[in-house]
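One structure is given here, and the rest of the page talks about it.
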Amino acid sequence: MEIPRRFCICVLTFFVFVLLSPTTVHSIIRHYKFNVMTNTTKLCSSKPIVTVNGQFPGPTIVAREGDTILIKVVNHVKYNVSIHWHGIRQLRTGWADGPAYITQCPIQPGQNYLHNFTLTGQRGTLWWHAHILWLRATVHGAIVILPKLGVPYPFPKPYKEKTIVLSEWWKSDVEELINEASRIGTAPSASDAHTINGHSGSISNCPSQSSYGLPVRAGKTYMLRIINAALNEELFFKIAGHVLTVVEVDAVYTKPYKTDTVFIAPGQTTNVLLTANANAGSNYMVAATTFTDAHIPYDNVTATATLHYIGHTSTVSTSKKTVLASLPPQNATWVATKFTRSLRSLNSLEYPARVPTTVEHSLFFTVGLGANPCQSCNNGVRLVAGINNVTFTMPKTALLQAHFFNISGVFTDDFPAKPSNPYDYTAPVKLGVNAATMKGTKLYRLPYNATVQIVLQNTAMILSDNHPFHLHGFNFFEVGRGLGNFNPEKDPKAFNLVDPVERNTVGVPAGGWTAIRFIADNPGVWFMHCHLELHTTWGLKMAFVVDNGHGPDQSLLPPPADLPKC
């Protein structure tokens, strides 16, 4: 029997549609090898640094939503090593998260470990970094997660995409600095320079052989994937003569927001659109400089790069005038506050903001510095930090292993849900007055799928400083923020439960508070800590243990066979 021609065409059209449909495109497995090694750099001065594959910044991981990533990390250096994939949800794969002594024991010298995880429901810019000692000063790089094939951005497709990694640089050996500071109980010296993609720039007191150049074509729109990989510095980022449109933070789309200055804390990522619509006859300064409103030593050196318009050449023309960036003052709290308060989730049909409207676990965490007695330290005290007056003590066995195998004596699950002794948190307190903290490896236990609200209340103990807090294993919604002490009767009435910004790292303002909400839908042990490395070292950290739910799809997977041993 002859098959009608129209029927054949319809069947062929159907199969072509199915084959090209985004839902039928199979995800792939992507393999990477990270050799953690020592090499010599000439930035500022020659010194050995720890890198991945000899690169600073390290290699970029590029994948698509739904892909599975296999990364073999090989340790060729004298230090124990671990690497964290910052912002990856790690659904049921906490063994791959990376923080040393939290989800795994570190990779010892000469050993290796295969990280295996899937990029589920995420697309955008994230990053990876060392998560032990202060190695992330030079051990870090970008993660670029593209949308699934056939799925467009929720904004006009850019002509090209560029990754911008902001970092800090010390002329001295960073590990020696922090070890000496820990010995005497104080803070190490501030960094000597900031860098943009590994270059400090021409006006820095730490000149490199060249500045980073950002070539653009007139009339084209570019997407910049900006990452703050600095250890201890919140930063302003600006490009002279150009407006930036924020479209994503921490790998979550936002409502477009136009600004001339980006404020970005350590651990955060921000995607912006840049249209090259300025006078092509000039070069334009790209600048990254410190923001701080605390009275502490900081790196006041501005990193610079050059945006230049290209035609038939891709090099910077030294004969062109360079338009300088008009940077905010380094204590411009109003600039940082305006930027932070202007961010909103996209909250579209395709990308809804699923904000918890009810709360089962309401937590109140005071975050700040303290001082404990120390006979061998300067002034007889050691600077520390804590949450609810608890300075977190790192275990000698990974917490996730202790949880999974029911190993006793490693941690307790009695982390306080609120301070034991309430006080006027934002009133200045003199050194030695209620400044001491208790030590402990305390976790807070959550049942699977619990809705959680945390109010992070900054304190003025010792001094009031900003604290960018990162939560592993989850995204959360920033539903509110304010100055002064949080008022549980008044402040929740102003919470944004419609389109609050969603992210994995949030700033707690000096002298104020931030409220976040999330759903505990990821079983395992999940670290929460200040992303100022100094404060983390001093103990400004804790962890959640999330129990398994019902059935295998709500349960932590077993550990891999090559999980490092302590």
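Using the three backbone atoms N, Cα and C, a Cβ is placed for every residue, glycine included.
Pulled from Swiss-Prot, these are the features on record:
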type     : residues              : note
SIGNAL   : 1-27                  : signal peptide
DOMAIN   : 37-150                : domain 'Plastocyanin-like 1'
CARBOHYD : Asn39                 : N-linked glycosylation site
CARBOHYD : Asn80                 : N-linked glycosylation site
BINDING  : His84, His470         : Cu cation 1 binding site
BINDING  : His86, His129, His531 : Cu cation 2 binding site
CARBOHYD : Asn116                : N-linked glycosylation site
DOMAIN   : 160-312               : domain 'Plastocyanin-like 2'
CARBOHYD : Asn300                : N-linked glycosylation site
CARBOHYD : Asn331                : N-linked glycosylation site
CARBOHYD : Asn389                : N-linked glycosylation site
CARBOHYD : Asn406                : N-linked glycosylation site
DOMAIN   : 414-550               : domain 'Plastocyanin-like 3'
CARBOHYD : Asn449                : N-linked glycosylation site
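Everything Swiss-Prot records as a feature, shown here on the structure.
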{"residue": "Asn39", "record": "N-linked glycosylation site", "contacts (Cβ under 8 Å, 6+ apart)": "Pro48, Ile49, Thr51, Gly54"}
{"residue": "Asn80", "record": "N-linked glycosylation site", "contacts (Cβ under 8 Å, 6+ apart)": "Ala100, Pro106, Ile107, Gln108, Pro109, Ile132, Leu133"}
{"residue": "His84", "record": "Cu cation 1 binding site", "contacts (Cβ under 8 Å, 6+ apart)": "Asp97, Gly98, Pro99, Trp128, His129, Ala130, His131, His472"}
{"residue": "His86", "record": "Cu cation 2 binding site", "contacts (Cβ under 8 Å, 6+ apart)": "Leu126, Trp127, Trp128, His129, Ile143, Gly267, His470, Asn504"}
{"residue": "Asn116", "record": "N-linked glycosylation site", "contacts (Cβ under 8 Å, 6+ apart)": "Thr68, Ile69, Leu70, Thr93, Ala96, Pro560"}
{"residue": "Asn331", "record": "N-linked glycosylation site", "contacts (Cβ under 8 Å, 6+ apart)": "Phe291, Thr292, Asp293"}
{"residue": "Asn406", "record": "N-linked glycosylation site", "contacts (Cβ under 8 Å, 6+ apart)": "none"}
{"residue": "Asn449", "record": "N-linked glycosylation site", "contacts (Cβ under 8 Å, 6+ apart)": "Ile519, Ala520, Asp521, Gly549, Gln554"}
Quiz prompt | Number of other Cβ atoms within 10 Å of the Cβ of His470 (Cu cation 1 binding site) across all protein chains | solution = 23
Quiz item: Fewest other CB within 10 angstroms, which one of the glycosylation sites Asn300, Asn389?
Solution: Asn300
Self-check item: Neighbour count (Cβ, 10 Å) for His129 (Cu cation 2 binding site)
Solution: 26
Exercise. Determine the Cβ neighbour count for His531 (Cu cation 2 binding site): the number of other Cβ atoms within 10 Å of its Cβ.
Key: 26
Practice problem: Between the Cα atoms of His531 (Cu cation 2 binding site) and Asn300 (N-linked glycosylation site), find the distance and write it as a whole number of Å. | Solution: 20
Exercise. Take the C-alpha atoms of Asn389 (N-linked glycosylation site) and Asn300 (N-linked glycosylation site) and report the distance between them in angstrom, rounded.
Key: 31
